[in-house]
Protein chains: 2
Amino acid sequence: MTAYEDLTAHARETMALGQIAGRLGWDQETMMPRGAAAQRGEEMAAIESVLHARRTDPRIGDWLAAIKSEDLDDVGRAQVRHITRSFERANKVPADLAATLARVTSTAQGTWAEARSNDDVAAFLPTFEEVINLKRWEGQALAAGEDVYDAMLADYEPGTSGADLAEMFNEMRPELTALRAAIIAAEQPKRLEGRFDESKQMKLTRQLAKTFGYDMSHGRVDKAVHPFSSGSGLDVRITTRTSETDPFNCLYSTIHEVGHACYEQNIDRAYLLTPLGQGVSMGVHESQSRIYENQIGRSRAFTSWLYTQMVEAFGDIGLDDAEAFYAAVNRVNDGYIRTEADEVQYNLHVMLRFDLERALMSGDLAVGDLEAAWNDRFAADFGYEVDKPSNGVLQDVHWPVGLFGYFPTYSLGNVYAGCLNDAMTQAVPDLDDDLAKGDTTAATGWLRSNVQTYGGLYEPRDMIAKASGMEPGPKPLLAYLNRKFSDIYKL
Amino acid sequence: MTAYEDLTAHARETMALGQIAGRLGWDQETMMPRGAAAQRGEEMAAIESVLHARRTDPRIGDWLAAIKSEDLDDVGRAQVRHITRSFERANKVPADLAATLARVTSTAQGTWAEARSNDDVAAFLPTFEEVINLKRWEGQALAAGEDVYDAMLADYEPGTSGADLAEMFNEMRPELTALRAAIIAAEQPKRLEGRFDESKQMKLTRQLAKTFGYDMSHGRVDKAVHPFSSGSGLDVRITTRTSETDPFNCLYSTIHEVGHACYEQNIDRAYLLTPLGQGVSMGVHESQSRIYENQIGRSRAFTSWLYTQMVEAFGDIGLDDAEAFYAAVNRVNDGYIRTEADEVQYNLHVMLRFDLERALMSGDLAVGDLEAAWNDRFAADFGYEVDKPSNGVLQDVHWPVGLFGYFPTYSLGNVYAGCLNDAMTQAVPDLDDDLAKGDTTAATGWLRSNVQTYGGLYEPRDMIAKASGMEPGPKPLLAYLNRKFSDIYKL
């Protein structure tokens, strides 16, 4: 066997074990009996320890060295690029630091949940300080003298820097705050109100999943506290949630997760259980979930069809026609919570976090000053004060569990979705006619063959550039948002 | 750290990984999307390969050698006994043989299922010959010059030999065939007939599981094609099945699996994720499932309560009173299929398989002669001819997947349950009064504190001897069966 064959056989088994760890995570959120948590913790630790040993296996270094003399095609070079990155990353972080981080962030999640439910920032500060110190230590190990935050970004979005993102956000912020202000000052459309049977929501949500091309023979839809997508290849499962008074939460969570899941399901099967057989980055992943959810799912054309489905499922839903339904789906509300934000305000929530986490990691912002910094920035961008920490600095689980550099990939996903949407609407001229019939085949088919099928073959920005035919940037997204919301709100 | 601490820490992680493999098996039968099978095959192979490497880790040999000079208590010695057995077993089988067996038996399962559905023995013979040759090769490696079949038994029931079992079966066979003949000649009680809503069956089955002490906070009940119990410690899940015309199948499958599951749930939590934290053998495991299902679940006292639950759930069930219900639950029917057999005939099915598999392994019976040998023996014990292979030699999955030495543990479980039942009825004088109220607490409590809590601490026969206060043997079971069925059938 060649070194390349040895290396990829090893990586394949590691990938299979990684899928198992993911499946355990799914089980934990959906099926696991509540008394099993302690045992599951040990099981997860055991498989993570196996995975860590495999990722740092010194034979990988030998194989990578030997491969330099082997002749590889594009696919082979991409596989080697992913494996090299993972191997170097795993070896940069000392094993005892990795173990301490795993233990501390696991405990921190509980401390944070408690602090959030009591709106008690002070109770979380000592733990948070420990998490931040450990993450900075890890960041320094990863950065090896370069920028710490950039090194963290590389875990989620290789090829992007803090400076790139700052430039992107600087372009977006004034336009979005201006659009937001104009909308808030305009007349608000009617909300969706009433009570909606939750089993009917689940029935409609499963139908929507299929409408967007989700393959139920390689997936399933369950309820969980948080919607998520899990797994790659032949077994990609999603969860959603229901609330009797808010069916949009269920339906649009499903469409969002279906976007993630279809990306994983539609990767070229030749890459199954290889490093190329997964979405290439968080940003590109989010571009798929967002374009399914927003540019397609919240379009006037598609919501006109969805309106008929809602009326069929629930009878009179208190909105006069498809146009009123379209406005209700896209209603922009004041609110503190990122996960409940609309297309216009979502990125304002993200850029607030981006600036603060970058300052935390550089040491420019002390953890003791974080709450005040959050509240000041929120008031500046949204025009009203944060009322309590659970609506402010304590709202997200990301920082407590050590995810720094993750938030900006949400906005990157929106920006990429904007670029892809421009290209998709040009490539599929009858798109709106199809969507108005509840037919997403042409749209999802274009995304499948221009993005999803490639898996990890191209670098994230290159992938979007290749698919959209443009250098990725926020202009298409901003133009789309201005167009769409100026129309809905008659600005 | 002492060698013992190193050894048991290593074993603990292996146990945790083993639990993960078990959970994947559960998922495959309950939740997995049908298109995921190929990927799941690779995932299972990956975790099995990790487990095999851990079980043969040469450090285990070093630790075991070093431990000889350490001072251990009873628990420590039992842990070391289990680990030694597993280590020696894993090292005796050459890796390439183990891999070939895994591959061949996996394929054989499909070939067998196809042959069974076509009633075509000839189509399965070449594969079956390959399986048997590989199993004999493995048996010879395990036996190291001793008896091959005994070496296979040690995988399921350490401390038992083929000769022991032959003696046990020789004592049982004449009594059981005589009892069976008398029953078949007697007047048959009325059957349960009608249609029983399957969702009501599931509701009642969950209630029954709780009635028998199954802890839902550490388990769950789902439907699957085959009923089974899966997992140890804090996460022990069971499955059952429903048939509209046969609610007994659902209810008694559940009680049976609850017996297995309670054994695993009730092991001393100090043994969690250690080699002692699992049922000690297949025979002792089956003793728990059988005593729950039969001596308790099919008793006159318990069925008098179950009758009221059935009437409450389904209305008129076509049986006049609790006594008619008791007779219907215990009705002895002619039939070819082991899994559908009653308490009297079940062991006749097992001893047929025991004699044939022992002869296959010794080489006294050629695979080409197996069908004829099966049919002759069946006619001799049951008094009528096998009508087709799917009702005869092709009915069970065990041999196709390489399980030789497994069948007799079913009867051993019955025999052990007979011993335990004698001791339990003496220790719990008001047992029937409790069971007639649907209260199994005293019975299951006795089994919990006299058997289940010990997990793997004692050797299987020692465990039964300690709990029952007698040398394990078939007499109590035979006396119980004669007593019970002479009464029901007025012999």
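Cβ atoms are placed via backbone N, Cα and C, with glycine included.
TrEMBL names A:His256, A:His260 as Zn(2+) ligands; from the candidate set A:Glu244, A:Glu286, the record adds A:Glu286 to that same site. A C-beta separation below 8 Å, combined with a sequence spacing of at least six in one chain, links A:His256 (Zn(2+) binding site) to A:Pro227, A:Ser289, A:Arg290, A:Tyr292, A:Glu293. In sequence order, A:Thr409, A:Tyr410, A:Leu412, A:Gly413, A:Asn414, A:Tyr416, A:Ala417 constitute the residues six or more apart from A:Glu286 (Zn(2+) binding site) in its chain with CB-CB distances below 8 Å. Same-chain residues that are not part of A:His256, A:His260, A:Glu286 yet have a Cβ within 8 Å of the Cβ center of the Zn(2+) site turn out to be A:Ser229, A:Glu257, A:Gly259, A:His285, A:Gln288, A:Ser289, A:Arg290, A:Tyr292, A:Glu293, A:Gly413. Around A:Glu257 (active site, proton donor/acceptor), the C-beta neighbours below 8 angstroms that are at least 6 residues distant in the chain are A:Pro227, A:Phe228, A:Ser229, A:Ile238, A:Thr239, A:Thr240, A:Ser289. In the structure as shown, the Cβ atom of A:His260 (Zn(2+) binding site) sits within 10 Å of 22 other Cβ atoms.
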